[in-house]
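> The structure under discussion is supplied below as C-alpha cells; questions concerning it will follow.
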Amino acid sequence: MGIKNLTQFLKKYKVYETIDVAELKYSKICIDTPMFLYKFVSQYPNSNEWLGCFVTLITWLRKWNIHPTFVFEGKAPPEKNQTQEARKESRQKIVSKTDAIEQDLRTYLKSGTITPLLLDTWQKIRSKSTKSLLVKRPLNLIVKNFINVDEIRLEIDRRRKYEFSITFAHVNLLKELLDLMGVGYIQSKGEAEADCVSLWYNNAVDYIVSEDTDVLAYTFAGGAPGTSTPKKVPNTTDLKVITGFNVGESSATIISKQRVLSTLKMTAESFKDFCIMCGTDYNKNIFRVGVEKAYKYISDYKVIENVPLDTSVLDHHNVRKIFRVKKSIKYADKVQWSKYPSDNFVEVLNTFIWTHAGGTVDSDHVFRVLTDPALDIVFE
C-alpha cells in the first residue's frame, strides 16, 4: 500500500525519528483505521479477539492523554480499481497455492510422494530457520530424513491467517467499541488517508497516524471552488505522521514532511511528482523506472512533463488531483477530546467483550485510565 518502495528509500536518508510518547500528551490524532484493523484482525482471523487489541491501543493512548479519532475507509476513486483487482488476483493465487500445498501434504502422508511444490515449501521453511545444520547433506538425504510435517502444517496455518477480508461486521463492531470507550470516529466517503490529511490542514488534529506513505504525497489546494467562502490559511506547521507505536518502550516513530522535503531538496509539488513516478495505488510506474531512477529524474527535471520518457502510463494529471486536498470543515467537528466513560462502563465493556470475543479484559483498569489518564499504570 502507498507509494511503491518509498518507505525503504526514505529509511536510507534517515528521516524517521523516534520520540518519547510523552511528547504527544494533550494532542489530537487521527488514525488511518484500515491499517490497524487489518493488522489486528490478521492476528485473530477466526474470532473477534482482535477487539482486545483495540482496547489495549486506546487505553495506552489515553494513558498518555492522547486523544484519537479513527477514520474509516469509504469508496475508493475509480483510478484505484486496477490496483484493487490486482490485489484480489494476488490474494487468490496465494489461496490456490496454499490449497495445493495442503493437497500435496495429504498425498505425502498417504504415499510418501514428495512433490516439487512440497519440497520447495519445506526448503523455504528451513531457510527461514535460525538453526542451520552443521554438516551439509545431499538434497535427497535432507528430503528423506528431514521433511517436517508439523512445520509444513504450521506454514499452511500461517498462510491461512491472511485469507480474510475486512467486512462491514468488523467495522460495525469496532465503531460500537469506540462509542463504548468514548472515542470519536469518522466514516469517510472516500479514502481514509485523504480525510486524515484534510483534517490536519484544517487544524483539527496535531498528528496523523498511518503506515501508508500516501499521506506524504498530498498537498493543499485551497478553498472549495465555486463558493463565496473566503479561503482560510491552512495549517502551516510541519506535517508529522506517526508511522508506529512501541508500547513496551513508550515511544513513537514519526516522519516529518518538511524534513523529507529538505533532505531530498524538493518542493511539495516536485515530491508529489516523485511519488507518482514511483507508482501509487492509482497508477503504475514506468517500466524499469523504480524509486531511485524516479528520484534522479525529478531531481534533474523538477516536473514529470520535463522528463524525457513516455510518461503516459503515469496518468499524472489525474493522480495529481487525487493527491490534492481542499480546506474542508465537514469532518472537523467530529474531532473532539475523548469522553469520560459512563458509570456502568465496567459492566458494559465486560459484557461487550464477552459477547463478541468470548473473553475478558481488565475493565476496572481501563476505567481508571480513561477517567484519570495521568495514572502511571502499565496496561497488560
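Even glycines carry a Cβ here, placed using N, Cα and C.
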> For the Mg(2+) 2 site that Swiss-Prot describes with Asp212, Asp214, which of these is also annotated: Asp150, Asp281, Asp300?
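Given Asp212, Asp214 bind Mg(2+) 2 in Swiss-Prot, the matching entry from Asp150, Asp281, Asp300 is Asp281.
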> Could you tell me the C-alpha distance between Glu193 (Mg(2+) 1 binding site) and Asp214 (Mg(2+) 2 binding site) in angstrom, no decimals?
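So the alpha carbons of Glu193 (Mg(2+) 1 binding site) and Asp214 (Mg(2+) 2 binding site) sit roughly 7 Å from each other.
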> Does DSSP put Asp212 (Mg(2+) 2 binding site) in a helix, in a strand, or in coil?
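The three-state answer is coil.
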> Give the number of CB atoms, excluding that of Glu191 (Mg(2+) 1 binding site) itself, located within 10 Å of its CB.
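Its Cβ shell of radius 10 Å holds 24 other Cβ atoms.
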> Please work out the number of neighbouring Cβ atoms within 10 Å of the Cβ of Glu73 (Mg(2+) 1 binding site), leaving out its own Cβ.
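Neighbour count, Cβ to Cβ under the 10 Å cut-off: 19.
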> Spatially, and counting Cα to Cα, which of the binding-site residues is closest to Asp212 (Mg(2+) 2 binding site)? Options: Asp32, Glu73, Glu191.
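Minimum Cα distance from Asp212 (Mg(2+) 2 binding site) across Asp32, Glu73, Glu191 lands on Asp32.
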> According to DSSP, does Glu193 (Mg(2+) 1 binding site) fall in a helix, a strand, or coil?
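Reduced to three states, the DSSP call for Glu193 (Mg(2+) 1 binding site) is helix.
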